[in-house]
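Colleague: Have a look at the structure that comes next, please.
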Amino acid sequence: MASTSCSLLRLEPGSMGSIQRIEGMNPILRRRLADLGVSEGVMIRLKGKGPFLGPITLECNGQLFAIRRKEASMIEVNVS
Amino acid sequence: MSSIALVGNPNTGKTSLFNTLTSSYEYVGNWAGVTVEKKVGSLKNGAGKLIDLPGIYSLHPLSRDEGVATQYLTEESPEALINIVDASQLERNLLLTLQLLEYGKPTVLGLNMMDVAKARGISVNPEVLQSRLGITVLPLIARTGKGSGQVLSVLEKTSAIPRVTFKLDYGELAEEAIASIEKELQAIQGLPNLRWIALQLMEQNPVVLELLKKRVDTSRLMAICDSCQSELQSRKLALTLPQWIRSVRMDFIRSLCAAAMDTTLIKPHNLTERLDAVLTHRFLGLPLFIIFMYAMFKTTFDWIGGPLSDMVDGFISGPLSDGANSLLQTIGASGFTHALIVDGIIGGVGGVVVFVPQIFILFLMISFLEDSGYMARVCLLMDSTMERMGLNGKAFIPFIIGFGCNVPAIMAARSIEQPKDRMLTTLLLPLMSCSARLPVYLLFAAVFFPAQQATVVLTMYVLGVVFALILCKLFSKYLFKNESSVFIIELPPYRMPQMKTLGRSTWEKGKGFLRKAGTIILAGSVIIWLMSYAGPSGLNVDMDNSFLAKFGGMIAPLLHPLGFGTWQAGSTLVPGFLAKEVVVSTMNIIYHASDAAGLEGQISQVFTPLSSVSFMAFILLYTPCLATVGVIKKETASWKWTFFSIGYSVALAYIVALVIFQGGSLLGLS
């Protein structure tokens, strides 16, 4: 099946994709994400979206965490 | 005495283990960043000191609490390390483990949360980890204390813990660079393991770089790193040197995990998923949070706390006062002693002790929030509001802790990554109504708004938060460079807090209050009473001619526009700076009330409902207490910001009280 890449925000809540690229992100956040094991090639799942266009909840390697939508849009994922 | 350091990722149970291995007790909770300062305790078997460090993901610190841990490892030299890893999150945890093994100290791996891993269908084989890493691996459940006996017996003799022999091969290019850096460093005395220093330098760890800069010209070292990096780039192995090191480590960890872990039966976090579906729901989440807060206040003040307080009051004003009176009469105490004990000490301290039940229940609720994992979710819910105000949702953890006491709350702000966000949180925290201010509201609410006590008290708390948000917007706009804030928060699995842990952490928080009652409130009460008993014309004067009245009278004119321009109100404010509880003690002494009912009667003659609201708002906002000022100075390391925090809050309190009283008067309220 052909894979398409899109912004993480486009994922349906509950579905997952593999991270293709993370670009233009604040370096502090980028490092913190790397600490949590979020980097290229890793599977990431969108769990849900918070109130008032607030942060979105993500799951990666069994760890739940939340980041803001603006930053999440910088993560590009591959969905097969 | 040997010293052993506890190191590991945030929220993996280091402090829980610390509490079982030592005879001391430190603060625990279910979010990342509970421990923000290193804590030292003595091992129960007397084998040495145990040092609990803040949680870190790597030795490359981002926030201030992480800096504490990294600095400890570079500058001090523990005999051995205990590395705590979360068995249910092994892959991420091992990244730190590898760096610790490179550090070269004898290390024991504590494989914690075996129960959590098992519940999720993950089975970890300690033997495989032990043989591949070459260190002792001990399975643990730190929350219940299971396995801590083995840890203790291994630590019995730190010299018997084998030296670390683990060495990861970073490939020809990187290994060459490591060797040349090690050679450069050989001449310098007193450095930890050179290979470790070299690797950390290649990873651009700022703490290690600072350490080296003090001793040596680092330009040659940097040149080695640069040429290694460009070589890696030209061979298309990696974009940067840190990335290369990381990927070598990750490859090793993946192969290790594949061998040591069985995840075929893995299950999702069922409970957590179901709770999150409701508690962080995009529409229901916030209303639910508000309902929880309201229920929390209702329980604290109306349902449980209120009746208990009445019982304590009944005891102090009844049997205790009567007993003291008759005892003093029997032994023939002088009028001075009699008045000092009954009016000064029992009146002043007793007036505050009455509120112990409410304060303990509030602490119990806060402990429940901390231990359940809901705290992190609150940050998530509040982030979009906080972002609009120029701060991030993570600041909400210190805010909630601040409802208990501002001092630990300001310390908790250390786990916020960005300096600007941390500073703003520190400056605004005193606006969170702490438990010391609670007695004032309870007293006034009971007198003027008996039917809506919980609502009145909740309003004060909300008022504090609202002003914090408004000022946050102003401060971030005008006082700080416009750097945008970032937000990331780990959401730990929910868990049911254990009664034992809850009881312990409630007691540890409440203990501080009791200690204050025996020290600063007692001293304050005695001084205030003396000032009310003595005057320019001698002892036992009419209180209106006492030193206290003279002193309060100097401030009173300033307070007149706020609706409480009496010397009595004025004289409560200055001692209130020492500890806010003293405001109520002072009132008890001034109004000569032996019980709450008497005091309430007196107060209703001096204050009106409107001026009482104005007074409560003033007490809420007027200045951080002395202990808080101390910790603000320590955390900001700046007198300028410390005075600023006092200055803005006094100004804010004055303006708000003025608006409430004058505005209310214009509207015809009284």
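Keep in mind that glycine also has a Cβ here, set from the backbone N, Cα and C atoms.
Note that TrEMBL annotation is computational and uncurated.
Found this in TrEMBL, in case it helps:
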DOMAIN    B:1-161  domain 'FeoB-type G'
TRANSMEM  B:279-297  transmembrane segment
TRANSMEM  B:345-368  transmembrane segment
TRANSMEM  B:395-416  transmembrane segment
TRANSMEM  B:428-449  transmembrane segment
TRANSMEM  B:455-475  transmembrane segment
TRANSMEM  B:513-534  transmembrane segment
TRANSMEM  B:613-632  transmembrane segment
TRANSMEM  B:641-661  transmembrane segment
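Context for these features, please: burial, neighbours, distances.
Modeller: With a cut-off of 8 Å between Cβ atoms, the residues of this chain six or more beyond the transmembrane segment (B:395-416) that come close are 27, 31-34, 36-37, 54, 63-65, 68, 362-363, 366, 369-370, 375-376, 378-379, 382, 386, 422, 424-426, 428-430, 432-436, 461, 465, 468, 509, 512, 624-625, 627-628, 631-632, 635.
Residues 293-294, 297, 301, 385-386, 388-391, 399, 403, 424, 427-429, 431-433, 437-438, 441-442, 444-445, 449, 616-617, 620-621, 648, 652, 656 of the same chain, all 6+ positions outside the transmembrane segment (B:455-475), place their C-beta atoms under 8 angstroms from a C-beta of that stretch.
Same-chain residues lying 6 or more positions outside the transmembrane segment (B:513-534) and placing a CB less than 8 Å from one of its CB atoms are 336, 339-340, 343-345, 347-349, 352-353, 356, 359, 435-436, 540-541, 543, 546-549, 551, 571, 575, 578-579, 581-582, 585-586, 589-590.
Beyond the ends of the transmembrane segment (B:613-632), by six or more residues, the same chain brings 406-407, 410-411, 426-427, 429-431, 433, 436-437, 440-441, 444, 456, 460, 463-464, 467, 562-564, 569, 573, 576-580, 583, 607, 641-642, 645-646, 649-650, 652-654, 656-658, 660-661, 664 to within a C-beta distance below 8 angstroms of the stretch.
Sequence-distant contacts of the transmembrane segment (B:641-661) (same chain, six or more residues past either end, CB-CB distance under 8 Å): 423, 426-427, 430-431, 467, 471, 561-563, 610-611, 613-615, 617-618, 620-624, 629, 632-633.
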Colleague: Please work out the mean pLDDT for the residues of the domain 'FeoB-type G' (B:1-161).
Modeller: 91
